[in-house]
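Student: This is the structure I have questions about; it appears just below.
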There are 2 protein chains.
Amino acid sequence: MRFTVADQNNANDSQLFTNLGEALNTEDLNRAAAQLQASHPPAIANTLESFPWERRLQIWQLLAPQMKGAVLIELHEEVQDGLIAESTPDELIKSVAGLDIDELADLYERLPEKVRTVVLQTMDERRRQRFEAVRRYPDNTAGGLMDVDAIAVRGDATLDAVLRYLRRTRRQQGELPEHMDAVIVVDRASQYLGILSLSDLVSLEENRVVSEIMNTKINPIPAMTPAKKVARLFEDYDLLSAPVVDENGKLIGRITVDDVVDVIREEAEHTLMSKAGLEEESDMFAPIISSAKRRAIWLGVNLVNAFIAAWVIGQFENSIKQLVALAVLMPIVASMGGIAGTQTLTLVIRGIALDQVGPNNIGRVLRKELGVISINALLFALTAAAIAMIWYQNINLGLVFASALTINLLNGAMAGTIIPFALHKLGIDPALAGGVVLMATTDVLGFFTFLGLATFFLL
Amino acid sequence: MRFTVADQNNANDSQLFTNLGEALNTEDLNRAAAQLQASHPPAIANTLESFPWERRLQIWQLLAPQMKGAVLIELHEEVQDGLIAESTPDELIKSVAGLDIDELADLYERLPEKVRTVVLQTMDERRRQRFEAVRRYPDNTAGGLMDVDAIAVRGDATLDAVLRYLRRTRRQQGELPEHMDAVIVVDRASQYLGILSLSDLVSLEENRVVSEIMNTKINPIPAMTPAKKVARLFEDYDLLSAPVVDENGKLIGRITVDDVVDVIREEAEHTLMSKAGLEEESDMFAPIISSAKRRAIWLGVNLVNAFIAAWVIGQFENSIKQLVALAVLMPIVASMGGIAGTQTLTLVIRGIALDQVGPNNIGRVLRKELGVISINALLFALTAAAIAMIWYQNINLGLVFASALTINLLNGAMAGTIIPFALHKLGIDPALAGGVVLMATTDVLGFFTFLGLATFFLL
């Protein structure tokens, strides 16, 4: 389903939020419904997510059935699930009736069994076949992203014949596929041959033959290509659309750039949220219990880490009793190592994502990172030690503090390089787990180094 | 300049890296040059960034002049600067000669004065006018993103006339603008009227009149619209291109989705890097000194924070001397508050970016976050206190520990909600500064609460 940008500059999301909020507060449901009717699904979806649950349900009830489907696909999965759970099967069947094949495929698994059965039964044969074709491939592959409505022509046709074919198709079907910037050229056996851009079609002489004009340099994307890689191809080669082929080179669909934009945004959001251990949390007003449960995992991991660090400190209780300054200064050693490590970690995670860090140059990266941190260690270890010496009037304490800081800064750089690389090798997303593992390392080693050196040299 | 996707699946970036590395290691420069010639600018740019500086210069020297420009615009700014500094003015003039207007505009400010003068002088009048039009607007606005080569037609033309016009333009100029999915409809005074998609142009009858067919619901984007907002519009409304108008509604260019994809990717990368205080660091093999300098700022801020926290601990030296367990347990209180706060902070930063959090619902967000953390505080404070009680055989210590943990977890949730909101109000990017400010709060308050409560109740 396609919507246009009406009033995009005037009625922006936050105005819709304010107006809708006022209408609902004064229980003026007609006004609220009118507000919604004048707005577009992405704006409604965003506004809906800005409200807590009781308001969301009110808004949901006010939406026309057809609009419900269009809003639903714009929502985060968590919010989708909530609204689906609150809707009757009949409502849902009406809501998804107008969705495009690929939109429906995205939503399908989240619908109740009962609704899925009816939706499948009421599809005409052509729509069902295309639906099954999309669903054959996992979500995060080219096949899962593709539209199955590519228009294909033969290489021996003239441009004139192509134009006539397109006009006929339009007359018969009432519309052409969305976001069409090219037609795809295939042979008799549906084998992919090349791309004829609409821009060439409208600007070259009508008697030219397709096969002479078509762009054969654009490789088709195999259906099992990971979505991330598809996004990289679109970015690097500035594509608007690309053909998708099955394992035999047969054309089965096309990917348009708007789907790729969604992949890139989701990837970015995933990275942001993972870094706080929130990878599944996409709804700001999710039920408190379920939010608490998800976040508990991360807090739990951190508590285990923190107790291990505490145990390390505990091994030096005797030293701390003799020199309380150790207790005062030890968190500085741990936190400086943590920050230095996070900087390296972030750089390496980005490098891995861009294919710029691999076994071939990990050694060089490590050397560079150790070089950078050595310079900073010199600077900060000396500054910090000087402050500590003045504070406690104790030169030896300053020297131990400086050594521990230097060691933990180097440890941070080393762990920051190796941890994401090792996690990646183990098939774990470094953006997800890198931070915890790193912090555990810099805390434990930070406390151990400082208290250990102090015990050995100062007491 | 436009390149196609050749061999995208076979010769991927990491293979280019390996092959090129081997060729350079064996000093087989011919082989290396051949490798480069068979590759495409984005792959070359990515590979180049995977090598340290001495290799990069070798690769740079092996590139054909025209290729240099195309590779240059694909590189991170830091790497661009380095290679520009290593090139002679003559080389640079040749390198940028083939670039598109908007590519040149992006690079222009980074070129040496001497090169800029020559580049401007050697432009023909039409190119210079268009160049100046793009440069009139800041980089991060719609005007800075736009291409100035939009093809415009009048509303009273027939489709047949439009087709003839496009064929004539193609014959005369040899090519049409890149990524053209639509022509823009304007009146006599160049005022924007609507959009005629190529898809409609090729599929509707030739005697139809443009004004009856054109899509008038797509609002043009004012040139000063921020790039971020442009990206949101493209995402929400699945646009492939959009017209850009000046303050008088006159058509001045168009934005295509490939430029928007770059904006989204840069935004994502900015968020990732900022969270580690690396916002300017884009080159993995930047010179060690300059990397060290940039990261020093963040380490310095952290050192100040850490010393403030240490000072707080120092105020309780006497308590620690009497009960060393305090020194052992206090980092747990600080780190749990920090993690809980980071979770809330991340959620709120995302909410602000999506316009889902504002003065109207910040109160609700805070209430929800406090609810979530209350549940987790109950769980973790009791667990942690139980462990501490068993460890130290001291019930009162456990109670104080549990209270301090609870208070600091609530503090984390509160600070995580309020800090990004306050920073945003002050015009500071919360993704950049939120983490430091939060950690300072949770550290200082964590130590103060725990040691303070212990001093008051235990000693």
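Glycine residues also receive a Cβ, built from the backbone N, Cα and C atoms like all the rest.
From TrEMBL, here are the annotated features:
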DOMAIN    A:146-212  domain 'CBS'
DOMAIN    A:214-272  domain 'CBS'
TRANSMEM  A:296-314  transmembrane segment
TRANSMEM  A:326-349  transmembrane segment
TRANSMEM  A:370-392  transmembrane segment
TRANSMEM  A:398-423  transmembrane segment
TRANSMEM  A:435-458  transmembrane segment
Student: Going by DSSP, how much of the domain 'CBS' (A:146-212) is helix, how much is strand and how much is coil, in residues?
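Tutor: Grouping H, G, I as helix and E, B as strand yields 24 helix, 18 strand, 25 coil.
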Student: With helix taken as DSSP H, G or I, strand as E or B and everything else coil, how many residues of the domain 'CBS' (A:214-272) land in each class?
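Tutor: Breakdown, helix to coil: 27 helix, 16 strand, 16 coil.
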Student: Counting CB pairs under 8 Å, which listed stretch among A:370-392, A:398-423, A:435-458 touches the transmembrane segment (A:326-349) the most?
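Tutor: By Cβ pairs under 8 Å, A:398-423 leads among A:370-392, A:398-423, A:435-458.
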Student: Which sequence positions outside the transmembrane segment (A:370-392), separated from its termini by at least 6 residues, show Cβ-Cβ distances below 8 Å to it?
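Tutor: Distant Cβ neighbours of the transmembrane segment (A:370-392) are 325, 329, 332, 336, 340, 344, 398-399, 401-403, 405-406, 409-410, 412-414.
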Student: Report, as numbers and ranges, which residues of the same chain sit near the transmembrane segment (A:398-423): CB under 8 Å and 6 or more residues beyond its ends.
Tutor: 329, 332-334, 336-345, 347-349, 352, 357, 362, 365-366, 369-370, 372-374, 376-378, 380-382, 384-386, 388-389, 392, 429-430, 433-434, 437-438, 441-442, 445-446, 449-450, 453-454, 457-458
